[in-house]
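The Zn(2+) binding site annotation in Swiss-Prot covers His87, His89, His257, Asp332 and rests on sequence analysis. Summarising the annotation, Swiss-Prot assigns Fe(3+) binding site to His87, His89, His257, Asp332 and lists sequence analysis as the type of evidence. Per Swiss-Prot, the feature 4-imidazolone-5-propanoate binding site maps to Arg96, Tyr159, His192, Gln260, Ser337. Residues or ranges marked as N-formimidoyl-L-glutamate binding site by Swiss-Prot on the basis of sequence analysis: Tyr159, Asn334, Gly336.
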Amino acid sequence: MDSKYDTLIYNVRIASMQHNGMPYGELPPTAIAIKEGHIVALLSCDEQLNDALQQTSTVIDGSRLIPCNENEQPTLPWLLPGFIDCHTHLVYGGNRAEEFEMRLQGASYVEIAERGGGIKGTVKKTRQADEQTLLNTAIKRAMRLCEEGVTTIEVKSGYGLDVDTEIRMLSVAKSLEKHLPVTIQTTYLGAHALPNEFNHDADAYIDFICRDALPQIASLGLADAVDVFCETIGFSLQQTERVFSCAKQYGLPVKAHVEQLSDSKGAVLAAKYGALSVDHIEYLVDSDIPSLVKSETVAVLLPGAFYYLSEVQKPPVEALRAHNVPIAVATDFNPGSSPLASLLTALNMSCVLFKLTPEEALRGATEHAASALGLNDRGVVDIGNVADLTLWDIETPAELVYCINGHRPIAVFKDGKHV
């Protein structure tokens, strides 16, 4: 006879991220019952627990996970949802370490580009890399995130800018699921930069995206969303809208890099198209925030890029709070402006640099990060959700944000399986 539950986790403190009036959505003493990869019950009384213990294949007793002396009271670990990094560019060729040295020696962006650096240097190296090379390096990068309890990662293309390489990047991203205990959400970011072959004709490149690249990628099912870098050094509002309109024709939700370097009104346009998220948003003005409320768009903060580029304009966190706009936090892991392979460090940065609270930061890597990807089945410990869970040897969830590179989970469950 089959067991009622596949796994039961008990003797843990649970930061559920539910909105129950408790910090971090802490639950009273509760056991989590898992069946077929999902949370199917939250058991809060001894009678329920005793019954469940007799009907479960695998039992995890949290009080046995943290070593203690014989006469000491066992320390109960904290259980949180698996983390979600909702904005990365971790599939690419080469690196930009040499460019980093040049920057520190005073070289300008133009000088670096003239020497073959910058985003076009990464495009060249990515185009030259075969699929296996891209996969091998992407596995190493994604593994760093997974080691911190990340169980879902968004991965963008955008370093190919031609059809073949963009397809190769997205295929590599999807295949990470075969090698690591992680869910991958892919985003087509063809409108990331203007490739050399279009000779400064951005409109012609947008024609190419809408006529050739996006239809092929959509037909192959390689993209879960479409993104655009809408900025003075990226693409205009009109060009961005053309890509958004095309994405909608293929049933793909949109996201946007906006207001990183200027107030381009990209956030308002993204909201018009019901964007899942607007990312960066350092130059977002207060008067544009109501449009995000109306479209239920998530504001994604990327403190790694802010730090790495020595930016000074901070995102309008107070105004976002005042309007109850959900705030997510991500690494923006990329070779040029945020080579950051640590979501926990990004959470610390979001507090130190942008003044989020630790709870806001942790919700930004769980509940709100899930919303930024259009996923309503994770990011919160609740019945019906995917059993992506992490266990930590900490006294309070705030420790995960407060301590830089100080914690790794003592256990991770992906789709209910202990990995």
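Placement of Cβ uses the backbone N, Cα and C atoms for every residue, glycine included.
Projection of Swiss-Prot feature records onto the structure.
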| residue | record | Cβ within 10 Å |
| --- | --- | --- |
| His89 | Zn(2+) binding site | 26 |
| Arg96 | 4-imidazolone-5-propanoate binding site | 22 |
| Tyr159 | 4-imidazolone-5-propanoate binding site | 30 |
| His192 | 4-imidazolone-5-propanoate binding site | 23 |
| His257 | Zn(2+) binding site | 31 |
| Gln260 | 4-imidazolone-5-propanoate binding site | 27 |
| Asp332 | Zn(2+) binding site | 27 |
| Asn334 | N-formimidoyl-L-glutamate binding site | 24 |
| Gly336 | N-formimidoyl-L-glutamate binding site | 21 |
| Ser337 | 4-imidazolone-5-propanoate binding site | 20 |
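Here the Cα atom of Gln260 (4-imidazolone-5-propanoate binding site) is found 14 Å from that of His87 (Zn(2+) binding site).
The Zn(2+) site is set by His87, His89, His257, Asp332; from the centre of their CB atoms, other residues of the chain with a CB within 8 Å are Thr88, Lys156, Asp279, His280, Leu302, Ala305, Ala330, Phe333, Asn334, Ser338.
Note: the CA-CA distance between Ser337 (4-imidazolone-5-propanoate binding site) and His89 (Zn(2+) binding site) rounds to 11 Å. Here the candidates are the binding-site residues His87, His257, Asp332, Asn334, and by Cα distance the one nearest Arg96 (4-imidazolone-5-propanoate binding site) turns out to be Asn334. In this structure the alpha carbons, written CA, of His192 (4-imidazolone-5-propanoate binding site) and His257 (Zn(2+) binding site) are 9 Å apart. On the backbone, the CA of Asp332 (Zn(2+) binding site) and the CA of Tyr159 (4-imidazolone-5-propanoate binding site) stand 14 Å apart. Here His87 (Zn(2+) binding site) is compared against the binding-site residues Tyr159, Asn334, Gly336, and the shortest C-alpha distance is to Asn334. Counting only the Cα atoms, the space from Asn334 (N-formimidoyl-L-glutamate binding site) to His257 (Zn(2+) binding site) is about 14 angstrom. Annotated N-formimidoyl-L-glutamate site Tyr159, Asn334, Gly336; additional same-chain residues within 8 Å of its Cβ mean position, judged by their own Cβ, are His89, Tyr92, Arg96, Ile119, Thr122, Gly158, Pro335, Ser337. The Cα atom of Tyr159 (4-imidazolone-5-propanoate binding site) lies nearest to that of His89, taking the binding-site residues His89, His257, Gly336 as the candidates.
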